[in-house]
Amino acid sequence: MRIISRQIVLLFSGFWGLAMGAFPSSVQIGGLFIRNTDQEYTAFRLAIFLHNTSPNASEAPFNLVPHVDNIETANSFAVTNAFCSQYSRGVFAIFGLYDKRSVHTLTSFCSALHISLITPSFPTEGESQFVLQLRPSLRGALLSLLDHYEWNCFVFLYDTDRGYSILQAIMEKAGQNGWHVSAICVENFNDVSYRQLLEELDRRQEKKFVIDCEIERLQNILEQIVSVGKHVKGYHYIIANLGFKDISLERFIHGGANVTGFQLVDFNTPMVIKLMDRWKKLDQREYPGSETPPKYTSALTYDGVLVMAETFRSLRRQKIDISRRGNAGDCLANPAAPWGQGIDMERTLKQVRIQGLTGNVQFDHYGRRVNYTMDVFELKSTGPRKVGYWNDMDKLVLIQDVPTLGNDTAAIENRTVVVTTIMESPYVMYKKNHEMFEGNDKYEGYCVDLASEIAKHIGIKYKIAIVPDGKYGARDADTKIWNGMVGELVYGKAEIAIAPLTITLVREEVIDFSKPFMSLGISIMIKKPQKSKPGVFSFLDPLAYEIWMCIVFAYIGVSVVLFLVSRFSPYEWHTEEPEDGKEGPSDQPPNEFGIFNSLWFSLGAFMQQGCDISPRSLSGRIVGGVWWFFTLIIISSYTANLAAFLTVERMVSPIESAEDLAKQTEIAYGTLDSGSTKEFFRRSKIAVYEKMWTYMRSAEPSVFTRTTAEGVARVRKSKGKFAFLLESTMNEYIEQRKPCDTMKVGGNLDSKGYGVATPKGSSLRTPVNLAVLKLSEAGVLDKLKNKWWYDKGECGPKDSGSKDKTSALSLSNVAGVFYILVGGLGLAMLVALIEFCYKSRAEAKRMKLTFSEAIRNKARLSITGSVGENGRVLTPDCPKAVHTGTAIRQSSGLAVIASDLP
């Protein structure tokens, strides 16, 4: 039965072939592919495969047989060889791609030999009879978009890979409308040249750009725009390309810049959806490029095969015999021998009208696409979104842009947000047993708790991601590329940064910050100095040495004045009873305030001790009164300060401020290599900070550290020869951690704050900001700081980190007092010995004794109080004899003494 059925089919096919003429069952077509067109070649193969395997009930099938040449180097010689190879194989049409180096060679051969070229490459300039342009022109759509935005001053970046058609159209329109267009060819630019150009344009306040480049160069330009931070709000880019969805714009989504472009392929049409299902099933090893969705050039390639297939069907229906093409031919013959049916092929190609992946495929008599529609897309927070369309009839038509704030919020709630942070104690740390946990549970710290609180208020799921390079975020001065957490946000790798990230102007230009969740400033960390040992005479410290000198001079001065007034005042002179054997009063009335007694009186008053003598005269008592008042105040002040000085241990710090650091060279100082502290010194215009920056920048070895932990370790190991400049909050935290050997000195150098960062234009900005404000007003932020700074501190209570600490007195505190006591006692013994010897010598002369005998008699008397050898009582020499007598009566200037001596 199967044999009979097969014979019937063959018989039917034979009759159909006779009816349709001698049309071949296998149609030879050519394929020319240049470098970096793997995906286009995959689309070419897939289209041919689907055509050859798809049943057609209405017409007899025919197979497309491709002859493909891949040209690695698209020069004239390689293109000529490939084209001649195709021509010699008897192809009826060639599908091929070209660039600016091969376009003229291909079009010349096609015109000379009447071989039609179907191409998805850029449209050629001028008229090419045998070239069918699958790619629509962007001129009309781009000019309509510029009119809509009312741009009259912008930058046009282009290369010559696609010719000058768009440049010519824009410059003509600029001349008509008075536009100011800066046209710049970027064909020979490298990464550095792009960045320099963008920086220069930014200095000129250029914010609007039209970019007309092929996909590879376009992607490179966009990467450089991101690297210099020009993808933020305020910038607008129009991409003169038909594959808006083919471009990687993830980083621009978070940046906030407005990006507009055109999309030729509508991925929502049934035909495209069906092809995509088949595309995803392709083996990536056999079909390179199938791992990504087809680009618009691949869609044009697919449509090109459909156009060729439809052309051959039309030729067969018209009973045009193309079989006389032959299997050989000399493409270099002189004169050229064109293909006879080439005109019919070219005419039929231009008459084709089909629905392909790129919409309506139709050509004019010049072989250019007509009656096509392209969509206009803009980049939104959720990705590319259609905002309108353009066609020849309606021109630019914009559709209503429905607000999608709610949709954006819902999209955030339905996915996991990446939170970038940095390993920095006490903000983010690994738990002790973190190996037992997964995800966010591995971490603990201030920022971990803060992220949890913010997520609760916003209602999102999040994933903590540690920044790979371990940096906060700074822009390289040469490459203009951001690193650290700022780079993670700028380049779209994270959506929130919750870390000790300082709010600065340069960062605010590329990312958004919430209200500060912590206030701080730059501070100085040094190694805690050893406690100073009190000096022997530390009891003198309560008063300055100048005051002590003044007290000594005051003491001497008061004693001299007291001596003088006592001498001149008659009331200080009084009469004494006469000595033995004398009658009447003494010729020299006594005065108690000699110079030595005056000194003794002043010293006793100063020491707040009593004295056997006191002034009798009014003038002397005035001197004594003011001296007592003086000593009262001085002694009270001294006593008040003495308690504090003797019971407080002091640590002498070699550095107390930034000025101290700047004016010395013995102690080195530095900051983090990448962060706001370094940026503060680099940009500062204050003389002290400029001097510090000059030193830090030129210091060898480098004083910049990669991490805070490295800086702290350097402080601890430097034996007081290195100071680390860091945020005050981190300084205070480390001061509370063992081994408790660092300390903060001086005040903060500036005032700033830490904020939660989001990419520019992110829908998370407002919810995050409100969450931080709520946490601040509820006191949660203060509780978190106390928890991680002081409650978990290892160096005692919060106030124990002060520089002075009260303690019990030690012997060293009062050693000087004991020294003075011992010294005074020793001095007294020495003076007593001198007096003993002096009086013994005088006694020896008076008693006609030898000095040794006088010494022995004095010693015997001093020890035993015994009588000497001659029966004389040896008594210590006294200035006056003591007598017992009646009361003294003085009358008329005479003294009468009654004595009871026999």
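The backbone N, Cα and C atoms fix where each Cβ goes, glycine too.
Since this is a predicted model, take the numbers as computed values, not measurements.
Record features (Swiss-Prot):
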- P500, T502, R507, S676, T677, E727: L-glutamate binding site (BINDING)
- C84-C331: disulfide bond (DISULFID)
- C740-C795: disulfide bond (DISULFID)
- N52: N-linked glycosylation site (CARBOHYD)
- N56: N-linked glycosylation site (CARBOHYD)
- N258: N-linked glycosylation site (CARBOHYD)
- N371: N-linked glycosylation site (CARBOHYD)
- N407: N-linked glycosylation site (CARBOHYD)
- N414: N-linked glycosylation site (CARBOHYD)
- 593-608: intramembrane segment (INTRAMEM)
- C611: S-palmitoyl cysteine (LIPID)
- C837: S-palmitoyl cysteine (LIPID)
- S862: phosphoserine (MOD_RES)
- 1-20: signal peptide (SIGNAL)
- 22-544: topological domain 'Extracellular' (TOPO_DOM)
- 566-592: topological domain 'Cytoplasmic' (TOPO_DOM)
- 612-617: topological domain 'Cytoplasmic' (TOPO_DOM)
- 639-813: topological domain 'Extracellular' (TOPO_DOM)
- 835-902: topological domain 'Cytoplasmic' (TOPO_DOM)
- 545-565: transmembrane segment (TRANSMEM)
- 618-638: transmembrane segment (TRANSMEM)
- 814-834: transmembrane segment (TRANSMEM)
Using a 10 Å radius around its CB, how many other CB atoms surround C611 (S-palmitoyl cysteine)?
14
For the topological domain 'Cytoplasmic' (566-592), what's the mean pLDDT in this predicted model?
64
Write out, in the order they occur in the sequence, the residues of the chain not among P500, T502, R507, S676, T677, E727 that have a C-beta within 8 Å of the mean position of the C-beta atoms of the recorded L-glutamate site.
Y472, L501, I503, T504, G675, K752, Y754
What counts of helix, strand and coil residues does DSSP assign across the topological domain 'Cytoplasmic' (612-617)?
0 helix, 0 strand, 6 coil
Starting from the Cα of R507 (L-glutamate binding site), work out which of the recorded positions (N52, C84, N258, C611, C740, C837) are within 10 Å.
none
Other parts of the chain folded back onto the topological domain 'Cytoplasmic' (612-617), taken as Cβ under 8 Å at six or more residues beyond its ends:
562, 565-566, 569-572, 574, 592-593, 597, 601, 623-624
Could you measure the widest C-alpha to C-alpha distance across P500, T502, R507, S676, T677, E727, the residues recorded as binding L-glutamate, and give it to a whole number of angstrom?
17
Taking only the Cα atoms, work out how far C795 (disulfide bond) lies from P500 (L-glutamate binding site), in Å, as a whole number.
23
What is the Cβ neighbour count of S676 (L-glutamate binding site) at a 10 Å cut-off, with all protein chains included?
23
Name the one residue among C84, T677, C837 whose Cα is closest in three-dimensional space to that of N52 (N-linked glycosylation site); these are the recorded positions.
C84
Neighbourhood of C837 (S-palmitoyl cysteine), C-beta criterion under 8 angstroms, separation at least six:
I855
Please report the DSSP secondary structure of T502 (L-glutamate binding site), reduced to three states.
strand
Give the number of CB atoms, excluding that of T502 (L-glutamate binding site) itself, located within 10 Å of its CB.
24
Cβ-Cβ distance under 8 Å to T677 (L-glutamate binding site), same chain, at least six residues away:
T502, I522, T671, L725, L726, E727
When the Cα-Cα distance from C84 (disulfide bond) is computed for each of the recorded positions N371, P500, C611, C740, which gives the smallest value?
N371
Spatially closest candidate among N258, C331, P500, the listed recorded positions, to N371 (N-linked glycosylation site) (Cα to Cα):
N258
